[in-house]
Amino acid sequence: MAALDGLPPLRDVIQRHGLDAKKALGQNFLLDLNLTQKIARTAGPLEDVTVIEVGPGPGGLTRAILALGAKKVVAIERDSRCLPALAEIGAHYPGRLDIIEDDALKVDFEALADGPVRIIANLPYNVGTQLLVNWLLPGLWPPFWQSMTLMFQREVGLRIVAGADDDHYGRLGVLCGWRTKARLAFDVPPQAFTPPPKVTSTVVHLEPVEAPIPCSPAVLEKVTQAAFGQRRKMLRQSLKPLGGEALLAKAGIDPQRRAETLTVEEFCRLANCL
């Protein structure tokens, strides 16, 4: 890709700007430019699309997204050391890269939307799950984004796509299964990063379901939190604080079942009975 976009190799960029990855920021820089292109392509067509990227670091994925024709990239980076490297990319693609120095957990993402939006990110490990939940829980649906193509630790990716009776099924699987169609795209080995993480990563692609089962996000969160907080117990016990057997009877669910056996539809039924 260095030849494709005319920019220097990422290793040179990192060395020139002194960008050692900070563990406190959950940073692992992805240096394999073939992989950054693969992530960007997984998102689908990027022409006429604004892409929001969180944690671009030295900009390997940013470069891939711009090279594949995104109308604009809005990159949110809290590490000020990375800003000069990103500014060089912005100079190479005039008017197509907006850089915001901020904590992604504090950003109003919907306000950044300018026409169709795709979120593409190698998310910092320490905030990735919380950001995903934030993007899934707005009151209005469909959301401001057309799709999300995100990298997580593989264990988190498995939780995102898990369904009932899967060992990885939990609150995240219910939430993602309720409002999105989610799939695992491909794995990324530790050696693709600097420094190499101790675990394999995976890219997950999510698209919003146009008309999910009507249900209050806050109440669904409350039900899944109670049910999976004691996942090995029968529902009559784990849901006791929310009404226990009376709630389950109202929803038509056997009180002897356990949380991991319930479908997304059944969790929504419980939430709607509260």
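Heads up, the Cβ atoms here are built off N, Cα and C, so glycines get one too.
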Could you look at D12, D103, D108 and say which one Swiss-Prot places alongside N28, L30, G55, E77, N122 in the S-adenosyl-L-methionine site?
D103
Select one residue from E77, D103: among these binding-site residues, choose the one with the most other Cβ atoms within 10 Å of its Cβ.
E77
Within the chain of L30 (S-adenosyl-L-methionine binding site), which residues six or more apart in sequence place their C-beta under 8 angstroms from its C-beta?
T36, G57, G60, L61, N122, M151, V188, A192, F193
Which of the listed binding-site residues (N28, N122) has the least company, meaning the fewest other Cβ atoms within 10 Å of its Cβ?
N28
